[in-house]
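Chemist: Pulled these features from Swiss-Prot for this protein:
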type	residues	note
SIGNAL	1-20	signal peptide
BINDING	His21, His99, Tyr190	Cu(2+) binding site
DISULFID	Cys69-Cys193	disulfide bond
BINDING	His179, Gln188	O2 binding site
Amino acid sequence: MKATVLAGLAAVIAAQGVAGHATFQQLWVDGEDKISACARLPLSNSPVTDVNSAEIACNANSGPAAEKCTVSAGGVVTVEMHQQPGDRSCDNEAIGGNHWGPVLVYMSKVDDSATADGSGGWFKIFEDTWAPAPNSNSGSDDYWGVKDLNAHCGRMDVPIPADLAPGDYLLRAEVIALHTASSPGGAQFYMTCYQLTVDGEGSQSPQTVSFPGAYSPSDPGIQINIYQKLTEYVSPGPAVIEGGTTVEAGTGGSTIPAN
């Protein structure tokens, strides 16, 4: 009987994990839906789990997109995540299965965003991570970036820093799911890279990190038990750059109406 119960529980957990797989698929620029024109879509909705893999940059098997999306420095892009390719229904969670964790966005200055391979330097422009909920005794009951994403049809508004130098960039949108992250290798990384051209007259050229290299499996924001009471959450990777955006979890999302 005990073995049967344990096997059943394992099956439920496994099914929950698969149900929660997702990808960032679409992009909006200042409220205009660009669909997936400039998204380097992964071939599956499965996560990357090895932070030392080359796939941690722009996901697995993600070839160049059809186009580049143009945005002005100081403008807003909206990244959009869903569980299944082509499904933009707001009736389904963007990423289900209690895949709580942060939403992080990076950019990389490149010569040509249509051909860049993601191996260049990255800087963080946005994060919506964690905040404590009143009377919570478990991190899973707290506020998370993923919960903000789910509450807004998978969409998250991401301001482009106003002083960013013009040119081509890759934009890397990422969810780190922490539901099985209490041991090394348990965190799940869901990312997509978008091909951008940034217009403007800025001059900001931030310091960068590399993917792989920016994360370690034992980083406190990657190896963490979110089912215990949390008093803090340390966001993985570098700090958000000057002029970037840090959103308090529970307040993030998008102003684009649900369809």
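Heads up, the Cβ atoms here are built off N, Cα and C, so glycines get one too.
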Chemist: Pull out the recorded positions from the set Cys69, His179, Gln188, Cys193 whose C-alpha sits within 10 Å of the C-alpha of His21 (Cu(2+) binding site).
Modeler: Gln188
Chemist: Taking the Cβ of each of the binding-site residues and counting other Cβ atoms inside 10 Å, which one has the highest number: His99, His179?
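Modeler: Of the binding-site residues His99, His179, the highest Cβ count within 10 Å belongs to His99.
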Chemist: Can you grab the distance from Cys69 (disulfide bond) over to Tyr190 (Cu(2+) binding site)? Cα atoms, rounded to a whole Å.
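Modeler: Distance (Cα to Cα, whole Å): 21 Å.
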Chemist: Apart from His21, His99, Tyr190, which residues in this chain have a Cβ no more than 8 Å from the mean position of the Cβ atoms of those residues at the Cu(2+) site?
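Modeler: Here the non-site neighbours turn out to be Gly20, Ala22, Asn45, Pro47, Gln83, Ile95, Gly97, Val175, Ala177, Gln188.
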Chemist: Run through His99, Tyr190, Cys193 for me and report the recorded positions whose CA is within 10 Å of the CA of His179 (O2 binding site), in sequence order.
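Modeler: Passing the 10 Å Cα cut: His99.
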Chemist: Does Cys193 (disulfide bond) have same-chain partners at least 6 apart in sequence with Cβ under 8 Å from its own Cβ, and which are they?
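Modeler: Set apart from Cys193 (disulfide bond) by at least 6 residues yet with Cβ under 8 Å, we have Ala39, Arg40, Ala57, Cys58, Asn59, Ser62, Gly118, Leu170, Leu171, Arg172.
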